[in-house]
Amino acid sequence: MRGKFICLDGTEGSGKSSQIQAICSFLQQHGKTVITTREPGGTQIGEAIRELVLSPHYQPQALTELLLILAARHEHLQTVILPHLAAGTWVISDRFNDATYAYQGYGRGIDLKIIKTLEQIIQASFQPDLACILCLPEHIAAERVHNRAHDHDRIELENRAFFARVAQGYHARAQLPHARFIDASGDQNSVFQQIRHHLELLL
């Protein structure tokens with residue numbers, strides 16, 4: 001039986017990493033074989049692209065950034081996601097295509113039609129079985145990012161106007177059939193209970 005592809009997406013500070021761990025534990029308790037991955041990244045080539053895209057030492061043009069991320073996605077999809085799904089493994093990804101529309105589309109201002117055209121080339125009709133889009137008020141997200149212990153990457157250093165546009169993009173994407181809006185402003189357990197409801201429908 002084919003595995004399921006689940007994505008967690010949302011603005012910086014939305015708590016995706018903690019929820020991915022909770023999702024994996026839940027699915028494993030229900031007898032599922034699970035792997036986790038991330039975008040950009042997930043492959044050797046993808047991780048190299050991730051370093052380029054997130055490094056504060058580079059300032060790529062918006063379209064360059066988009067094409068790099070999509071190149072990483074093609075490699076990721078063909079060599080990791082699709083083979084594991086075919087083998088019956090459930091794949092949990094930290095970000096996928098909703099992030100591209102939110103960050104490069106709404107955030108950078110790239111025409112959404114361009115993104116859609118490129119998406120169809122790379123993904124054809126492939127979409128996640130479930131995309132949980134974690135949304136929270138901008139001031140809470142900014143505080144969480146500020147309190148992170150590690151050095152901030154290039155995206156985390158963007159201004160508040162950029163993140164407001166990204167949040168707008170995520171709210172729009174959360175209305176699509178494959179996506180579910182998740183209120184990420186509460187504690188980890190309350191957020192997971194929302195996600196759990198949608199997971200149970202996939203089992």
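Backbone N, Cα and C atoms are what each Cβ position is placed from, and that goes for glycine too.
Bear in mind that the values here come from a model prediction, so they are computed numbers and not experimental data.
Per Swiss-Prot, the features are:
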BINDING   Gly10, Thr11, Glu12, Gly13, Ser14, Gly15, Lys16, Ser17  ATP binding site
(message) Helix, strand or coil by DSSP: which one applies to Gly13 (ATP binding site)?
(response) coil
(request) With a 10 Å radius around each C-beta, find which of these binding-site residues (Thr11, Ser14, Ser17) has the fewest other C-beta atoms nearby. (result) Ser17
(request) Using Cβ-Cβ distances, find the residues under 8 Å from Lys16 (ATP binding site) that belong to the same chain and are at least 6 apart in sequence, listing them in sequence order. (result) Leu8, Asp9, Gly10, Asp94, Arg95, Leu134
